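Here is the structure we will look at.
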Amino acid sequence: MQMLLLAAIVLLSYPVIAMILWTVRRRPIVGARLVAVAIALMGIWMTVNVGLIIPPAAGVCILVCLALAADFSWRLTPGDLLICTGFALVAISLVAGASTNTVLGELILDAVPAYFAGRMLVERIGLRDFATTIATVWLIAAALGYFEALTRINPFVLIEFPTRAYAYWAEIQIRAGLPRIEGAFGHSIVFGVSMAAGIPMVAIARWPSWARIAGMAALVGVTLPSLSRAGILGAVIALILSLTILRTDLTPSWRSATLITLIAGTFVVAPVLLRVFAKAGDEQEGSAEYRGQLLILVKRLVLIGASPARTVRNGTVYWEGFRSIDDQVLLAALRYGWAPVIPFIIGALYVVLRVLGGRGNAAQVAIASMIPAFVSVAFITQLSTVVWVIAGASVAASAAEREGRADAAGLPQERWEPGEIDDGERAQAPLSADGGAVAGSPDGVPAPVAAPSAAVPGPGVPISSSADTSPISASRRAHHPG
C-alpha cells in the first residue's frame, strides 16, 4: 500500500513540477516567493523519500534554477568565479577521500542550486523586489514565532512526518527551563540567525519608512525568545548596519529615532537575558569549553580531502572522537580540506570590508550579520540554504550596481537630505538586466540598459555543510546551545 501511495505521489508531482517551471520562467517573482516560503515556513522534515532525501528549500531552489537557466546571462563576475572556484575544489576533494554523500548532499543538492537560485532571481527581478518578498515571508515567520513564544506551541511540529529528520529536529530545545522558539527551522540558532539576516532585506523593501522600521524591530524582537546568542548578536549587528551604513532612503530622523529606541530597549531586555543565560551557566560553560577543545583538530587538516581524523562508528562520523563540530569553517575544512575553504573566507572578508566601507548592498549586510554564526554552529537545517541564496543575491546585486542599475541593486535612486520625508512610494521602474531578462521587474518585461558604473561585485561566504553520511545533517543538537 505504501508503494502504491508513493507511486501516486510521484506521478502526480510531474504536472505540478511542470506548472511550477512554466510559471517561474514567465514570472520569476513567483520563484522568489516559493524559495522564501520553502525556507521559512517548511521544516526540513517535510519531504518524501524517493531515493534521494531533498529538503523542501533545496528542492524549490533546484526547480527555480531549472526554470530560469535558459534566460540567465551566464556572464560570471569575479564574485561568481571566486565562489565557483570553491565549489570546484569541494568537488575535487572527492578524489582525496571526501565523503560522496557529503559532497552530494551539501554541494550538488544544496549549495550550488541555492546560490544560483539567488543569483538568477535577483538578476531577473532585482534585489529590491527579492528583498520585499523575503521581508514579507520572514515577518510571517516572525509572527508565528511570537505565537510560539506566547503559547509554547510550535505549529510546524504538530503534524508528524514519518521521517528521521522529523524525529531528530522536531523536538523543542530548552534553555534554563524555558522553551526556545524554532519556527519551521528545527533549531533555535538557525531561527535566530535567519531572522537576523532578514533585517537588511526589510530595510530596502518597497514599503513606507514606518513599515520598514516596524518590520526590522519585529525581526530583532523575535530573536530574543530564541535565546540564541548568535541570533541575537546577528540581529543587533544587522539592525545597526542597516541604520548606519546600508544605503537606503530611510531619513536620518527615522534612523536616529530607531537607534535611540534600540539603546533604550537594551537596558530593559539585557538584564532579563543575562539572568536567563546565568541560569544556564553550566550549559554555556560546557559549550564554550567544548568549542575550545575543537581547535586541536586544526592540526589534523590537510590541503584537500577529508581529514585523517575522520572515523565512522556504527554509521556515525567522528572527528578525533568529537561527534559534533559547532564551527562551520572548521567542519568544512575537516570534510574537504583547507584549500576549498580559502575562497569562501576571502569572499567573507571582502564582504565585511565592503560593508564597513559603506559600499555593501543589503544582501552583503545580511551576510556580514551572519558571520559570527559561521564559527559557532554548523550549517544545520535551512541555514545553509539561507546563506547561499543570500550569497547569490549579493553577487547579482553587485553586478547590477556595476551596470548602473540602482533599483536592481537595492539602492535608493537618490540620497535623502536631512529633513526630507520618505513617502514610501514605489521607486521608478528598473532597467533591463541584459536584453530580455529585466532586473527589478517581476514579469521580466524588456527595457533599455543603463550605462555601467565602476562598482565592484562582491563574492560569497564560507562553504556549506550539513551531512557526513546523508543529505540530512548529522550535527548533534546537544552541542548547539548557542
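Residue 1 is the first one shown; counting continues down the chain.
For all residues, glycine too, the Cβ spot is worked out from N, Cα and C.
Per TrEMBL, compositional bias 'Low complexity' is recorded for 433-475.
What TrEMBL lists as region 'Disordered' is 403-482.
Residues or ranges marked as transmembrane segment by TrEMBL: 28-45 (among others). Residues 20, 55-57, 59-61, 63-64, 67-68, 117-118, 120-121, 124-125, 129-130, 133-134, 136-138, 140-141, 144, 156-157, 161, 163, 165-166, 168-170, 183-186, 194, 381-382, 385-386, 389, 442-444, 472 of the same chain lie 6+ residues outside the transmembrane segment (28-45) yet bring a C-beta within less than 8 angstroms of a C-beta in it.
Residues annotated as transmembrane segment in TrEMBL: 52-74 (among others).
Under the heading transmembrane segment, TrEMBL lists 86-109 (among others).
Sequence annotations record features per position, and here TrEMBL assigns transmembrane segment to 130-147 (among others).
Taken from TrEMBL, the feature transmembrane segment applies to 184-205 (among others). Using a Cβ-Cβ cut-off under 8 Å and counting only residues 6 or more beyond its ends in the same chain, the transmembrane segment (184-205) has close neighbours at 39-45, 127-128, 130-132, 134-136, 138-139, 141-142, 145, 156, 165, 169-170, 173, 175, 211-212, 215-216, 219-220, 222-223, 226-228, 230-232, 234-235, 237-239, 241-243, 246, 248, 250, 362-363, 365-367, 369-370, 373, 376-377, 380-383, 386, 390, 410, 477, 480, 482.
Under the heading transmembrane segment, TrEMBL lists 217-245 (among others). Long-range Cβ contacts of the transmembrane segment (217-245) within its own chain (Cβ-Cβ under 8 Å, at least 6 residues beyond either end) map to 138-139, 142-143, 145-146, 148-149, 175-176, 178, 180-182, 188-189, 191-193, 195-200, 202-203, 255, 258-259, 261-262, 269, 273, 276-277, 355-356, 358, 360, 362, 365-366, 368-370, 372-373, 376-377, 482.
What TrEMBL records for 257-278 (among others) is transmembrane segment. Only residues 6 or more beyond the boundaries of the transmembrane segment (257-278), in the same chain, are considered here, and those with a CB under 8 A from a CB of the stretch are 175-176, 178, 213, 216-217, 220, 224, 227, 229, 232, 236, 239-240, 243-244, 284.
Look at TrEMBL and you will find 329-353 (among others) tagged as transmembrane segment. Cβ atoms under 8 Å from those of the transmembrane segment (329-353) belong to residues 79, 82-83, 85-86, 89-90, 92-93, 96, 98-99, 102-103, 294-295, 297-298, 300-307, 309-310, 319, 360, 364, 367-368, 371, 374-375, 378, 391, 394, 458-465, 468 of the same chain, restricted to positions at least 6 beyond its ends.
The transmembrane segment annotation in TrEMBL covers 365-391 (among others).
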